[in-house]
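Asker: The following feature annotations were taken from Swiss-Prot:
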ACT_SITE  K114  active site, N6-AMP-lysine intermediate
BINDING   D32, E33, E34, Y35, D36, S81, L82, E112, R135, E169, K285, K309  NAD(+) binding site
BINDING   C403, C406, C422, C427  Zn(2+) binding site
DOMAIN    584-662  domain 'BRCT'
Amino acid sequence: MKNIKEEIERLRKEIEYHNYRYYVLADPIISDEEYDRLLKKLIELEKKYPKFSSPNSPTQKVGGGVISGFEKVEHTTPMLSLDNTYNETEIKEFDNRIKRLLNRNSVEYVCELKIDGISVSIRYENGEFRQAISRGNGIIGDDITENVKKIKSIPLRLFKKYTIEVRGEIFMPIKEFEKYNKIAEEEGLQPFANPRNAAAGTIRQLDSSIVAKRNLDSFIYYIVNPENYSLKTQWEALDFLKKLGFKVNRQSILCKNVECIIDFWKKMTKERKNLDYWIDGLVIKVNNFEFQKILGETSKSPRWAIAFKFPAIKKKTKIIDVELNVGRSGIITPVAIFEPIDLDGTIVKRASLHNFEYIQDKDIRIGDYVYIEKAGGIIPQVVSVVKEKRTGLEKEIKIPKSCPVCNGPVGKLTEDEIAIRCLNPHCPQKLKRHLEIFVSKSAFDISGIGEKIIDKIVDAKLIKDIADIFYLTPFDLAQISGLGQKSIAKILEQIEKSKKTPLNRVIVGLGIPMVGEKTSKILAEKFKNIEKLSSATYDELIKIENIGPEIAKSIVTYFQNEKTKEIINKLKKAGVNLEEKDVKKSDKLKGLTFAITGKLKSYTREEIKKIIEENGGKVSNSVSSKTNFLIAGEEPGSKLEKAKRLNIKIISEEDFLKLISG
């Protein structure tokens with residue numbers, strides 16, 4: 001029994017280390033497959049020996065439970081807000097005031113990026129995660145412990161057994177924000193207005209399994225009572241936090257004077273659009289903790305820190321029209337067309353209005369002057385209406401009575417749904433958008449069929465559903481303007497080749513609502529073929545890790561549809577692969593790590609990656625000293641130069657194939 005306990009503890013430490021490498025350092029040293037194997041082994045042991053379970057095990061970051069509400073908790077020390085400024089003059093006044101109060105000619109400052117997320121305070125006892133509290137009103141916050149445990153960059157055990165309270169910011173990366181909103185709009189859910197709202201809405205979920213799926217992230221920047229750890233400056237504290245295993249923002253800098261602060265602010269004003277998280281300014285802190293104590297604080301904010309905010313990326317323009325777009329699931333999305341404006345160096349003339357409820361809430365009309373802002377510094381969005389500029393000639397934007405494409409009926413699938421959909425199952429626009437996913441690299445990967453060809457094929461009524469693509473003939477394609485004999489032959493060759501597509505990518509191509517690449521892979525591995533998947537019950541699906549009630553319901557509904565059954569039968573008759581192949585594996589590449597750069601001739605990157613992993617090797621997204629080979633295709637990127645500097649062996653695609661066959 002002692003050996004079992006030791007093995008569980010060993011696995012926890014190993015997984016925690018790999019979590020730190022992946023989520024904090026962004027430098028993994030094992031493949032996803034190896035990581036999943038370790039985690040699965042730990043889950044099995046904890047289930048088999050529940051007396052050795054721990055609330056701070058890495059297994060607590062997956063799955064989740066439902067609570068009835070959040071308990072109110074008082075902070076050990078208040079979480080104060082910051083005074084802020086938007087201009088250089090006031091930041092110089094702040095510097096002069098600090099120097100005057102301290103009676104010094106110069107003061108050192110730490111400049112940190114001001115992450116626009118949700119502030120959190122986290123307490124550890126003997127290195128073990130104990131409690132997380134939201135900022136709330138600064139005095140009392142909500143106990144959000146279970147939800148914060150699901151954030152992969154927040155350690156459940158520290159590298160050293162300190163009892164410590166730290167503070168930081170929880171945020172949703174822009175890529176995750178865009179991904180969520182895309183799915184939300186496709187499924188008729190309310191999208192989030194910006195990444196901050198997305199983080200706030202997620203962290204307040206009563207079901208922590210939802211938090212686990214939304215991939216929130218964090219930066220930790222503050223230690224309560226730093227003198228307890230012999231720390232004298234904020235700069236030392238940031239380094240100390242890194243050593244404990246926290247994710248600390250690497251963009252922070254140390255400034256000796258106010259000119260350095262202003263230069264950094266100007267630099268980040270321009271560069272913030274390149275970040276994968278939303279920042280709205282800098283936080284300027286006096287570096288020396290002794291000086292911070294002397295300066296003290298008011299009832300609302302510390303005197304030793306200030307937020308130096310960026311100017312808003314917001315401009316006024318006039319809406320000249322509203323376009324109605326139909327997605328693959330039939331959802332009708334209104335898009336505002338407005339007079340072009342330059343928004344942070346980009347000419348913008350359109351922005352999604354999400355849904356008709358959003359339009360009604362903001363009372364947006366054609367002819368209105370509105371403010372356009374970049375949500376997260378990236379996505380143009382209508383944020384408010386300038387109602388005082390109305391003339392009375394503005395036109396209300398009404399919910400359409402029929403589909404703007406096919407004139408079919410429109411409505412909601414359920415009473416609670418926000419989205420308005422085209423209810424015509426044969427709407428050509430729905431088919432066009434679905435086909436774009438079907439032929440994409442993440443699905444059947446049929447090159448030569450782009451958006452324009454899809455539009456022409458559907459408009460010519462050559463296909464009525466996605467399965468019809470496998471029944472196209474040279475005669476059919478000859479009717480499409482712009483396609484010569486060579487192009488037709490190439491397209492048909494690609495269609496034939498795509499019949500061997502792995503099951504997980506076939507599932508992506510089916511376009512099941514709420515089922516993306518990751519879920520498709522889980523389903524393929526679990527059910528092995530389309531017949532078993534199509535007959536899976538809700539109860540079977542809900543037991544699978546990472547498949548929640550909504551996804552399970554969506555899968556069952558999809559396969560119960562008569563049209564789906566017809567499509568599956570047509571795919572079978574066409575000879576499309578509908579089962580997971582058992583791949584023979586070898587250890588030829590065991591212990592070897594590969595990176596890939598440039599365009600490959602015979603295989604896609606995913607195919608090469610699969611071959612490497614099937615033969616015991618690993619694939620890294622970056623080149624490091626641990627990389628053994630770089631496979632270089634045509635037009636290689638920066639990885640090639642780095643590989644040369646590190647003396648990594650560079651091989652061609654042909655060399656790699658010889659290595660495998662040898």
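The backbone N, Cα and C atoms fix where each Cβ goes, and this holds for glycine too.
Locate each feature and note its surroundings.
Answerer: Sequence-distant neighbours of K114 (active site, N6-AMP-lysine intermediate) (same chain, 6+ residues apart, CB-CB distance under 8 A): I279, D280, G281, L282, V283, A307, K309. In the three-state DSSP scheme, K114 (active site, N6-AMP-lysine intermediate) falls into the strand class.
For the recorded site, E34 (NAD(+) binding site), the DSSP three-state label reads helix.
Annotation note: C427 (Zn(2+) binding site) sits in a coil segment as assigned by DSSP. Of all Cβ atoms in the protein chains displayed, 20 besides its own lie within 10 Å of the Cβ of C427 (Zn(2+) binding site).
In the predicted model, the domain 'BRCT' (584-662) shows an average pLDDT of 83.
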Asker: With Cβ-Cβ distance below 8 Å and at least 6 positions apart along the chain, what are the contacts of L82 (NAD(+) binding site)? List them in sequence order.
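Answerer: Expected: V283, S301, P302, A305, I306, A307.
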Asker: Which residue, of the binding-site residues E34, K285, C422, has its CB surrounded by the fewest other CB atoms within 10 A?
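Answerer: Comparing Cβ neighbour counts within 10 Å for the binding-site residues E34, K285, C422 gives E34.
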Asker: Identify all same-chain residues not among C403, C406, C422, C427 whose C-beta atom falls within 8 angstroms of the centroid of the Zn(2+) site's C-beta atoms; report them in sequence order.
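Answerer: Those within range, site residues removed, are V326, G330, S402, P404, V405, N407, G408, V410, L423, N424, P428, Q429, K430.
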Asker: Can you tell me which of the binding-site residues E34, R135, K285 is spatially closest to C427 (Zn(2+) binding site)? Compare CA atoms only.
Answerer: E34
Asker: By DSSP, how many residues in the domain 'BRCT' (584-662) are helix, how many strand, and how many coil?
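Answerer: Within the domain 'BRCT' (584-662) the tally stands at 27 helix, 16 strand, 36 coil.
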Asker: So which of the binding-site residues is most packed in, judged by how many other Cβ atoms lie within 10 Å of its Cβ, out of C403, C406?
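Answerer: Neighbour-count leader: C403.
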Asker: Non-local Cβ contacts of R135 (NAD(+) binding site) (under 8 Å, 6 or more apart, same chain)?
Answerer: M79, I118, S119, V120, S121, G141
